[in-house]
Amino acid sequence: MSQQGYVATPPYSQAQSGMGGYPAGFGSAPSQPLYGHYGGQPQSFPVPPTGMMKPAPPPTGLPSPPASSHYISNGPSPSSPYHSMSPQAPPQAQQVTNQMGAMNLGYGPPPAPISQALPTSHLAQQPFHSAPPPAMGHPPLGSPCTGPQSHRMPSPQSPPAGQPMGGPPSMGGMGRPYPGPPPPGQFGGQMAGPGMAGPGMAGPGMAGPGMAGPGMAGPFQGGAAQMAGPPQKKLDPDSIPSTTQVIEDDQAKRGGQVYATNVRGQVPPLVTTNFTVQDQGNASPRYMRCTTYSFPCTADLAKQCQVPLATIIKPFATVPKNETPLYVVNHGEAGPIRCNRCKAYMCPYMQFIDGGRRFQCGFCSCVNEVPAFYFQHLDHMGRRVDFYERPELSLGSYEFVATLDYCKNNKSASPPAYIFMIDVSYANVKSGLVRLICEELKTLLDNLPREEGAESSTVKVGFVTYNKILHFYNVKSALAQPQMMVVSDMAEMFVPLLDGFLVNFQESCSVINNLLDQIPDMFADTNESETVFAPVIQAGVEALKAAECSGKLFIFHSSIPTAEAPGKLKNRDDKKLINTEKEKTLFQPQKGLYEQLSKDCVAQGCSVDLFLFPSQYVDMATMGDVSTHTGGTVHKYSNFQLELDGEHFLSDLRKDVRKAIGFDAIMRVRFRATDFFGAVHMNNTTDVEMAAVDCDKAVTVEFKHDDTLSEETGALMQCALLYTTISGQRRLRIHNLSLNCSSQLSELYKSCETDALINFFAKSAYRAMLNQPLKTVREILVNQTAHMLACYRKNCASPSAASQLILPDAMKVFPIYMNSLMKTGPLVGSAELSTDDRAHQRLSVMAMGVEETQLLLYPRLVPLHNMDVASDVLPAPVRCSEERLTDAGMFLLENGHSLFLWLGQACTPELVQSIFNVPSLAHMPSDLSSLPVLDNPQSKKLRSMIEALLDQRPKSMKLLIVRQKDRSEMLFRQHLVEDKGLHGGASYMDFLCYVHREIRNLLT
């Protein structure tokens, strides 16, 4: 059965080069505007080269549109003020011919070829780079759905007189300018507009008031010149697919409900929806989310649609208090039951046969004997009588206690240790940071993570300070005073004491507090500004090795390590490399010592959390590399100031110390896994090694398809994670998931999840940028977007005019996420952005789960000026665009990393008084970084909202208060992802137009 998509219509094809952001070839902006001319042969893109980034997938689960009427009438276009993007109007006749080339509406005979150069617009010279060009007349995209699972956007009105329509830009290696005769079907007849045949335009099968009906010739069929009607209004931006609407609809449809996991291949609610999971045989979507929940049956189908098949696994995800924590299964010395052939663990997909004496593996079909202690009779349905009593038979996720066979050297594991390593060089002492850390640790160490129900934590702690040399501290409980031992030979790093370095905090509490009081004073007069870095990590690894345990290093570091020692780094930040083939070298870590350090850390189960406080370049790509390969986190506080950034840093430190975590972990995924993206280390092609894995870290796993899958059995996957708990017990955490398989592409598109797809694309692009020029990476992203959507259009949508953009319902907001990804710091070649910030974002995203990438790429913009202080419900977020801001408004914007409070210049004095306790914006101090605590409903409501947000997010966010038209507003505006990028990049509307043109090229 054919499926109709989300349909949009032209001017999806009439983008002008160099405007709106992505000039030709997605590289740097052209010095002269490049205008193609109409009438050329369209060319399909080259298929992305193999071995590079893989194709893109779609967005997910909106409520299915009504399937009642297949065609919905297309009424008059909404009237919103037209912002003309170009000041000069081309001659009237020429304008219409340009329009005609762009909009293919209807079935009439094509007009004569047009190949007329377009007038130059001064906007074209703006130095924007890196993404698709903008459209001029924007299509009104109607929201009515026209079929089971897809969306169709209606034809746009012709642009106003002042509005030239550009030819396609010359995009290096993608769509080129069109010379020559028009492609078949490029120009349609029947275009109805006011003064022609009624207020809409006739698209195929879209009869509007006074329009020609489906397939009937409209009143104007032939030449373009006859079609000059009066100018019409611009389309309403509300009519293109909206992320906030998709999120709202899903919350309305599935929010507050119980999501039971007993159905194979069901698409879960969106990550933004509040729901409760009931595990009934498949892992909760909090642990595993897929790019599509219906895999193609054959490799050919997979290749044809180019939707990547991947799962994002967050093995330690936090579950809400109203959901059951994982059950722990203990089979004693026998250990977990496994398949003899493929080693899969006992799970709901094993079929018991022969009266319960044997079981057939669901993954490899091998028949295994059931051990005597595990035997149980079967009921009349062939199910074991104890089915509901055994978590491993009835649940999607559970844990096994591991035996000594699963431990290193067959010795049981020890509880992990946390080592705090403080840079006491001049910068950190002078800023007050060293004193702040020492004060905080006195209370924080009471909150070390512990097992559920345990009275105290078994985690041991140790302390090191350093600048050019390292100081180790003996804090054994028997001592009256802590003792310092100094190691000054950086080339041969060793730990000078074993007994007394790693201790239990409760036992040595008074000695440790004594030490923390002394450290700030000991180094108060230091002038040492040089630091070492690699030897600090080596010292931590050696200490854990000597104690025979795993653990985590918390390193508080200030500057690039320039002291003469192994791992010394030099400044290699070179802005001249930006937008060249060599730009990728800025993000590649220095090889050699740091690579070896990562391997040593992983082998010992030593994770590194790095807190950086730089005032200039620190080579983030290299310094953050060990953390990202060991399951650690990198936090960066540029130009740290105690009053402004102290609380932000302490919140991050508290979250990091307290979070749920497992150590010395190895993960294996059963089901054709071919590629892994995350804060992980790979020694071979199957085992994902993580020195530690916490509740925020996710691994994205891509699957490859080389044989036929059966629709009957579906695709089964099992993720097994072997790790050491915080109390030193070795366990196996198992997550199982079953997906559908289908020979219908429409099923695959229907069960896609946009948020998971964009997580996959972000990670694959951020990895690819280490080896390929950014321009190539961006081109591959656009190619894959167009390929996926063209395949849907060709194979799943019902026939319609080429001028319509048809998107799968589950992917209708995919283009905005993709455009937003291409405008992120790492993928935009701009000399205005700090190289360290770009490298930091690249490293952060590699470990993110689906929720984090969704929020990062489409921030929440919440209007606060008219919130109901009495209600518990938060105001609904609005679209991330400047058009949504109002001069009298107050808005909160957050993306998981940045938090802004934006104040319009016409904010009412009452609102300003209630929040800031000053009579007007003019009285506000310019360096305000927190909200005053005031006793009124508005102030209380806003502060509780911000506290709740900070509590939800993995990282703390520093509040930036921004006034309209202030200089700091630029920082805020770069997060308005539907608008043109400040550092290059198209607006959402323009990108949609550009992608539509690429799809048409592919289809013709």
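Note that Cβ sites are derived from N, Cα and C of the backbone, with glycine treated the same way.
Taken from TrEMBL as is:
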COMPBIAS  1-17  compositional bias 'Polar residues'
COMPBIAS  45-66  compositional bias 'Pro residues'
COMPBIAS  76-95  compositional bias 'Low complexity'
COMPBIAS  186-216  compositional bias 'Gly residues'
COMPBIAS  217-232  compositional bias 'Low complexity'
DOMAIN    336-374  domain 'Zinc finger Sec23/Sec24-type'
DOMAIN    414-657  domain 'Sec23/Sec24 trunk'
DOMAIN    662-742  domain 'Sec23/Sec24 beta-sandwich'
DOMAIN    754-853  domain 'Sec23/Sec24 helical'
DOMAIN    872-945  domain 'Gelsolin-like'
REGION    1-95  region 'Disordered'
REGION    124-242  region 'Disordered'
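Within the same chain, the domain 'Sec23/Sec24 helical' (754-853) stays apart from the domain 'Zinc finger Sec23/Sec24-type' (336-374): fewer than three Cβ pairs sit under 8 Å, each pair at least 6 residues apart.
Residues 281, 329, 382-384, 392-396, 400, 402, 670-671, 713, 716, 718, 720, 732, 734, 736, 738 of the same chain lie 6+ residues outside the domain 'Zinc finger Sec23/Sec24-type' (336-374) yet bring a C-beta within less than 8 angstroms of a C-beta in it.
Sorting the domain 'Gelsolin-like' (872-945) by DSSP state (H, G, I as helix; E, B as strand; all else coil) yields 23 helix, 11 strand, 40 coil. Regional average pLDDT for the domain 'Sec23/Sec24 helical' (754-853) in the model is 95. Note on the domain 'Zinc finger Sec23/Sec24-type' (336-374): DSSP counts are 6 helix, 11 strand, 22 coil. Residues of the domain 'Sec23/Sec24 beta-sandwich' (662-742) grouped by DSSP class, helix first, strand second and coil last, total 0 helix, 51 strand, 30 coil.
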